[in-house]
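Since the structure comes first, as structure tokens, the remarks are kept for the end.
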């Protein structure tokens, strides 16, 4: 009789080992490593992953009678192969989390249905405490407390406390369990487009615009493109609107006809040399790493595409990772025009479509997967190439457990699959650039823009010298003049400020009190469109007070700049210009972001104002001016990477200007023009910054010269958080004395953001070259330390330390 070792699919370290079950004869043909099965654990039916199949001789004959059977096989095909399972084990070990949590990342959510009957806690109280930090809403925490107290609730009772979306989130996090029957879930295949059917634009569109604006918007999009990918349209337009158009017979779904262009851009000498190096490695199937270090507009995308074409020609496949799908539309269009069998994967896709793409990949129908960080887990066989575009972006690091960095996971996957790893950026992270400079990866450099385009001219404007009598409180005379000239020439401008809202501070001019969030240690941001003060961490909202809550004075002022204030200023100064704002607030409406970018392409917008959304990945030939409204706000952060992030973001924003035939200009506004960073930005000399910053990192023993472990203790009591942090510090010092390793402890100290969502936060940061020692300290905390009412979280090599 066959047996299996399985891993229970619950995020508890106490369950992070295999259990043995017997395979009934009826399931013998279905069972396989990588499939999910239904088993009984205690008195619960739970989902588990098959990690190993045991022959009869490997099972203790005397124990067979006591071993429970597998109840059901849940998948038709394995969800991951051997290499992905090894990758998952490496991630669980590296990022100090249950293996089942990593395996969950590798599988699409829509694989089975559950007919829910009762809601029960999936974990014990002490295990749930470890995962509470992933919950945003206080009512979710309150609901978990009630559920732990009662032990069980009906779904009807649960819905009195939480809505369907919140319940689904807790299920997805494996914090609660919905009992019920499992069944296979079949999803229709993707690769379809929407086209117009029985719809006369001149006759029918005016009436539809009045009756159903979102349906009319869908019609306009389809009419313009003639056919629109189903996945794309359903991201832009609510599903109910699309469904209504289908029911009315105005549109229909058709199988997508893929037309692949064989047109290739001419490579310049630098591009040719870089591609030949990569091509040589791909032909020899060498396991090699490359850093493609090229200025903005230097033609990195063409090298990516040719590398993918070459690896497909060799009979292998590729993954291309991008920071955000919405901001890489040009790159996506370039790939889709040249690569026929391509899949796109990102978190914004509906579950059904994401599963559909995953199944196409699993069945071998796809040569290229392009997506955000989770696409690194795409179940491609014969993987020969992994590309990471704009590798410096923080979105490649997941902030929830497991706190993995896609770059490091990609490096490990490339090692397991024998694939080439190609990292590209105009401003690579210092960690990666250091690896290239010291020879751990091959450095390929592109110093010139393609098609004779010139690098933009950058000017730094000293805002101290701008007279208080100047007509604009936001834009300097130089930037105003450049905006006016650009408008007169019929060209486009982008204004970048890395703060949303109208004003980041509400200040009493009598006593100096700053209005702050009652749940977080941050000031409230005034949002003029809402007429409210808003906390950007917990989403708390309040009406602006007419007088100061401390002294009663009515002299309240909005201080500082945000995108809304810049927009207001521009509309007053340039009333005839077409001005739009693109930030997190404005883009909440479905399809808005795509609509704005399309209008920029059609030159229907003169001035685009926004946050990081306008600073990265965009390529508009008519943009000849970029204004950095407030460069200082990005530097004044208590984080050793602040200068690195600032120069990366400013150079990326500057790179949006002059990318075609038009010469580009960039104006940077600052109150501190003497900062050496601005001189390097003006010269567009990222290497000069690298060599200066790397000296400081070496001197202060920061990455890439050491490893970091950040430990954050949070509690509703400030004293409790502090005491636990101090206790851990003492115990870690004892471990250090015993090990006699070169390890440095920073803290314990309050986090720069002391309180978030009513929890006070203290932190320790450990520096050590010995990664194994750092992980052993973290494991000691996980396995042996229990702190009542205190959450202890850890992060190896954090990207943010706020």
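Positions of Cβ are set from backbone N, Cα and C atoms, glycine also.
Keep in mind that what you see is a predicted model, and the values were worked out from it rather than measured.
Taken straight from TrEMBL:
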type	residues	note
DOMAIN	281-446	domain 'Helicase ATP-binding'
BINDING	508, 511, 548, 551	Zn(2+) 1 binding site
BINDING	517, 520, 535, 538	Zn(2+) 2 binding site
DOMAIN	533-710	domain 'Helicase C-terminal'
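The Zn(2+) 1 site is defined by 508, 511, 548, 551, and by the 8 Å test on Cβ atoms against their centroid, the other residues of the chain that qualify are 509, 510, 512, 513, 549, 550, 552, 553, 555. Note on the binding-site residues 511, 517, 535, 538, 548: the fewest other CB atoms within 10 A surround the CB of 511. Neighbours of residue 508 (Zn(2+) 1 binding site), defined as other CB atoms within 10 A of its CB across all chains, total 21. Remark: of the binding-site residues 520, 551, the most isolated position is 551 (fewest other Cβ atoms within 10 Å of its Cβ). Between the CA atoms of residue 548 (Zn(2+) 1 binding site) and residue 535 (Zn(2+) 2 binding site) there is a gap of 18 Å, rounded to the nearest whole number. Cα of residue 517 (Zn(2+) 2 binding site) to Cα of residue 508 (Zn(2+) 1 binding site): a distance of 15 Å. Under the DSSP three-state reduction, residue 535 (Zn(2+) 2 binding site) is assigned to coil, being neither helix nor strand. Between residue 511 (Zn(2+) 1 binding site) and residue 520 (Zn(2+) 2 binding site), the C-alpha separation comes to 21 Å.
Here the Cα atom of residue 520 (Zn(2+) 2 binding site) is found 19 Å from that of residue 508 (Zn(2+) 1 binding site). Mean pLDDT across the domain 'Helicase C-terminal' (533-710) comes to 91 in this model.
Residues 518, 519, 522, 524, 536, 537, 539, 540, 756, 757 surround the recorded Zn(2+) 2 site, their Cβ atoms falling within 8 Å of the Cβ centroid of 517, 520, 535, 538, which are themselves excluded.
Rounded to a whole value, the Cα-Cα separation of residue 535 (Zn(2+) 2 binding site) and residue 551 (Zn(2+) 1 binding site) is 22 Å.
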